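Listed in TrEMBL:
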DOMAIN    150-240  domain 'PKD/Chitinase'
REGION    240-271  region 'Disordered'
DOMAIN    245-335  domain 'PKD/Chitinase'
REGION    339-370  region 'Disordered'
DOMAIN    340-429  domain 'PKD/Chitinase'
COMPBIAS  351-362  compositional bias 'Polar residues'
DOMAIN    433-520  domain 'PKD/Chitinase'
REGION    470-580  region 'Disordered'
COMPBIAS  511-529  compositional bias 'Low complexity'
COMPBIAS  539-549  compositional bias 'Basic and acidic residues'
COMPBIAS  550-563  compositional bias 'Gly residues'
REGION    791-840  region 'Disordered'
COMPBIAS  804-824  compositional bias 'Low complexity'
TRANSMEM  838-857  transmembrane segment
Amino acid sequence: MTVSRRRLVAVALALVAVVAVPTAVAAPDDAVTVEQSLAADSVAPGGSVGLTVTVEVEDVDAPAINVTVPADWTVEVVDDGDSDASYGTAWLWQDGDEHTVELSLGVPETAGGGSYEVAATGSGIYQDTGERVTDRTVDDVDVSGAVAVTADAGENRTVTPGTSVELDGSGSTAPDDADLTYRWTQVSGPSVTLADNGTATPEFAAPDVTDAATLAFELTVADTNGTTDTDRVAVTVERPNRPPTARAGDDRSVAPETTVELNGTGSSDPDGDDLAFAWRQVDGPNVTLTDERTATPEFEAPAGDDTRRLTFQMAVSDGTAEAVTDTVVVTVEDTNAAPTAVAGSDRRSDPGTTVELTGTESTDPDGDELDYEWTQVEGPSVELDDADSATPAFEVPQTDGPTPLTFELTVSDGRQTSTDRVTITAEGTPTPVAEAGADRSVVEGRTVTLDGSADDAADASYAWTQVGGPSVTLDDASTRSPSFDAPSVDDETTLTFEFTVTDEADRSDTDSTTVTVQPRSSGGDSGQSDGDDGGSDSGGDRDADEREAGGGGGGGGGGGGGSAAPPEPSGPTVGIDRPDGRSAIVSVAATDDTPVGVTPRAADDGLTYERLSVAPSATPAILRVAGPNNTTRVVVGVRPVGTLATDTAADATVTATFSVAGATLGDADPESVTAYRVEEGAVTALNTTLVETSGGRHVYNVTTTAPAELTVGVPVPALSVTDVRTNVSEAGVGDPVEVTVTVANEGRREGTETVRLDGAGTTTNRTVTLAAGETTETTFVRRFESAGDQTVRAGDASATVTVGDASTPASGGSATPSSAAGTDAEGRTDGQTTGGSGPGLGVAVTLVALLVAGLLARRR
């Protein structure tokens, strides 16, 4: 821990004492002295008065000042005396004998006349005992109805760039024509430099701006009594005018006797000025424009068999700059060609997802606007949200297996139509599988957390029901992991629970688990909850920790727990503060720096911080515990059982002793529990030693350097598909195509995963087992029965093959022969390789095929 960080820890602890601890002792022998001085004895409503507070300390640390003012009065800090920390109206220093803060107290305009009390409290802390001592002083301020100071920053105005602007606060007044001081500050707008901002009339140069900009300045005036008032003035720097841009629209072709709308709405003005439009025809057969003074006039295309060109000029003006023009050509053609409907590519989607159909690639050779109409012609009925648009959408329904939904798109240019179809295959999802967790045994009085899970259950709901044994109360039966307190029993008693999972399609599955409750006499457990009741230590708790002091040493990290404790240091003093059951603040004072063992008793959800061994000079130490349900840090390949955080006042080696409830580990090997340290994205497994198993709990030691946040967990596998590729990018209908799927185990132990390959209308599953850190490739063979772009996918990876018609293979020939065997639609066996593909039979088959082809050619 750096020096600045240690200082921050000390300051934070002392500041908490200043603002939060209500009890303190009076300062003996003038150990703390506080004085305050008001700039004036009286002030008018709406005015302000200066306040100076000084604290002097002797033989105490952490000097502090806390100021109390009447309700609704404001406190502005003029000088905080280089305080190390502040909170509201409290200021704190780490050391030093004398500190002063200067403040400005603001009186509300609604304040009534009378005397108001202003108090200052000075404090310090005895390092040896931790006691806080204080001194307090009080002064009165009279609020009268006297006329307050009035600030007048002058009138708002508008200037041009480069102008020298003089602000004018000379209209400000004070009672009895008292002398005033002036302070000008800029509060908004492009930054400028004020010359003589401490006078009534400072000056600045108006900035060069592209657009209009407003600069706001605040004037603060004060009289000799410290009474102040503020006023603001705005100076607007006008922008230069820029000419507009004319856009008469794109040239186009239209049919005879149709209404044509010209479109100048693409015109713009960089200054945002309103534009005036004027259209006129400059070439072609004469037509009549309607509303030629608008952005969108209309005319009727003339009749006739010939192609004719009509040219129109549009002029736009912003009212200041000279008008600018643009022209557009409208060609009148009598020939209409049919549009082409394109409904998009076939694809697959999961139930519950929103699919957007895409007809935007439909075209019309004449450039005519197209009308769209979508209808469903196959599959479970769905509702299109906008069937007469190019891109309607629908929600994929829930199905038990792959189900095609076919839609037909009809496009029309007003005279002719065209149709196309697209098929969206709804990927069916299996019925969910409920897992109620392993049966377990606990001691009476324990808090038990059930652990349900579900496979293939999207957006599932959960329900736990007790079906056997003495009735208990589940804290939230609609979650996967509700808790209950094991009842008191005389003999071994079994409680049975059923766990039901229901998916979004209202399909459900149920599993059961048992919890066997042992009486204390047979369980050997103390009956203490996995958590901690929090609170602060009583005197007896402090004595217990002092008896433990000196028992920590530097063990852990593989050193076991069986070695004898070193001698206790002479007279260590241990202090423990527990803000809640999951955290503790440990302080140790001793005559030497031999590590001391302290029992923090911080726990959460099955994880307990049993003991901390730390050198006294490194305290105070802050400890935190988070159980598995409150752990947010994710370490790939680790199932967390919680986190342990240790922060000390100085960089130090600490040994943490923690315990994990057996029920939290489930079926995991207690020997596999490991503490992981995460720093800057790097994960380091620490030497974690199982030192004891007793009363249903497993106790471990781990040594590390504070500050540290350790994730405690069990290594697990983490298998995923990282790549899907094919041996060819193009193939003919019915040609074999090799699909290679790469699977990696990024976890920390061996695992097994079922790889599911979808494509060519079929689904194939294959089981893969990988050691930690291992990668494997497994190969499938697919034959595609229809032309077009065909996609195969596994996990989140996919590959696409362009399939040509069977009579005309893609790229003028058959697909490239595969170098590994696979399972195709005719049932042939596929192969699997690990860490790369082998030679297989593909080369031999290719050579035989070439030999036969040569013989046949010779016979011809």
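Quick reminder: no glycine exception, Cβ is built from N, Cα and C everywhere.
TrEMBL annotations: computationally assigned, not manually curated.
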Give residue numbers and ranges for long-range contacts of the region 'Disordered' (240-271): same chain, 6 or more residues beyond its ends, CB-CB under 8 A. 161, 211, 277, 279, 289, 295-304, 312-318, 320-322, 324-334, 336, 366-368
Do you know the DSSP helix, strand and coil residue counts for the compositional bias 'Polar residues' (351-362)? 0 helix, 3 strand, 9 coil
For the domain 'PKD/Chitinase' (433-520), give the DSSP counts of helix residues, strand residues and coil residues. 1 helix, 45 strand, 42 coil
Count the residues of the region 'Disordered' (240-271) that DSSP assigns to helix (H, G, I), to strand (E, B) and to coil, and report the three numbers in that order. 0 helix, 8 strand, 24 coil
If you average per-residue pLDDT over the domain 'PKD/Chitinase' (340-429), what number do you get? 92
From the DSSP assignment alone, can you count helix, strand and coil residues within the domain 'PKD/Chitinase' (340-429)? 0 helix, 39 strand, 51 coil
